[in-house]
């Protein structure tokens, strides 16, 4: 018995073990199934996102093709008829009998039309709040016309009663929801170029398209329930209205998916060419905020699931009622547009016309004739609708102010306006108030009014403000209530998204309490423009005039390129006029040279020199030496020891050791040579290296430091490194070493200018130029004891090009080293003396990557010259080309200025371009000039 009992217990344990194992396996399988299901859902969402994105980009990139094909299809469908001719509009007998109409029907239809017009006006007002009063309104209006055209075409194709379609127009307008159109417009308006328009419309369509598709499906199925009843005698009008409602939803969806993105792309392209740049910048700034908030507002998943479940249930209801329920007399969806019992009834609008004048009713007219007749026949309903339409149209065009205009006027009058982000929040809430998938949060947000500061105006004098101090804030500035304490603000600063909830005043309080360093403001508030704005407010309080910064702009600048690269403690940016000189023929290629300057006559004079140099064979220029320098200072215990180390470094085998360490610090920096100068027990070791397309100062600093540390650790333990720069480089200071040895790119350019060009273009002679150059540029510079200054004004041209192309402006000190030579060169063909001119610049310090060259405006100027970025095929070629352009343009400026001096035109030209009466009057009226 004991044995049997043990066997049973053993079997029981095995069963429990098997059950536990099975349970564990089941749990693992369930988890695995859930993971697979999640992966499938993610893949499905990604596929749907990609599908709608591709569709949006296609419509935006080929707008004319999409519009043409869409209109062609509509016209084709409108020209065909699917039903029998006797059911068509022209031959229906439904208008032959006069039927008495109750006055309540007239009132209901009139009220419905008025409500639909007011609703449409409100929808268009929301579009105006996006910053565009006409462009977007025209786009949406064309989309509505396209949608209504599809409805007419489909109705005509199916033989529907088109008079009822005109009667259903109010319902067509009431079913119009422009919230998704507003959302897509926000993405499109944030674009700065046409390429960005295509990308942003595609991205917006990917976000809006699935939601719009689901909403259209739910609305169609829900409204379509009204077409299922067979009680024609009682609710036949309901069936027709529901059928037209379904048709309206479908056509609105097709118009939004096909016509609207294409039309939006075209309108924005036209607007970019014709619109005020100031207004476009403001709209882009607002649209970027809206775009970010729209992306953050994810649809409510519960609402989406309810819509999907509702759609599935409605599909079963329609399928059962139309195909399986034999007891009902429900017709097909489009069949409800022409139900049989309606053959003896007239529509409400037609009965109104008939009651007004039954003898002028023509049932067999063509449709376009009927429309003309209806539009010229005055009824109470028609007069009321037309009057309201005209009133709303006049109000929209002449009374309602554009958002940007009201913003500017409020700024000028110092009236309180809503802050930048409060406006964007308000517009989002108002434009998306009908969205079912909107976020639940933010309903209790209230706007706080603040004083507006200066906005941009398109005048170019100081008393007109640039977009310098438009309010940049966050949604936290909208909340009313008691201010937080310092401790609460400090805790909120550490929280996720906490800085966005802090007001500007609270951030300033944290700066004052040292919780936020002033130089870290941008990162502390997670917003570059807002950080700059707060820093300006803090600084303004410490200035003698708090309004000093009003004319210094700061909005509309891409500060992510500045942060950590170009500037710190940013309070704005300095707009400098950029002119162009050229084309200048250099080495067989023509260049239009950008020059940023505030000196009148400089660009004009250089442009004249370019014309003269390009009249012949152009300029021949070449880089004869390439090597950036850095000269650290090291010290030893004695001059004898320093001399020994100097001799060791000058040996070739030891140079290779140093070069190997130096070259390991960069892919492009290659040590070329060492120039060593000894003074007492100090060694000045000048590292000379090629740095590709970069100017190379950082490369030299990094490489020379690594080489010195290696020498100190492995060879010379007694070497003391005093400074990474010992002024033997020499950087940004006049020096003979740069003039003699060169630094950066050493360039020589030359040209032969025919004598007739000197006479006709420059208004002087070869002999006069040669004589003036000798006595001014050469002898005069010697008399002044100049180092590298044997030229007329090389620094003018160098600095202007440097500012335009993102170079270091301070390096014009060395880069402007130039000697200009002129000689008379006999031409045996013409038997006259042509002018040979050359410029030698031994230390042109330029680069096409790094530093200020990353800024978009400077990148554009480099792109003008075809030298933007690094040359992939031949590193260093772009920088050398830029050096050739600089030297050649300097020569053009030298030639023109020397000609003006030779003929005595210098003062006259400056009085004309630099001291004109207009400029004098403008400067006197400017607040930048103190008035006596």
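Any Cβ shown, glycine's included, is placed from N, Cα and C.
Given the structure is predicted, the values throughout are model-derived calculations rather than measurements.
Note on TrEMBL: of 38-61, 134-157, 158-181, the range annotated with the feature transmembrane segment is 134-157. Looking at 358-378, 379-399, 400-420, the stretch flagged in TrEMBL as transmembrane segment turns out to be 379-399. When TrEMBL is compared with the stretches 211-231, 232-252, 253-273, 274-294, the one noted as transmembrane segment is 253-273. Looking at the stretches 3-22, 103-122, the one that TrEMBL records under the feature transmembrane segment is 103-122.
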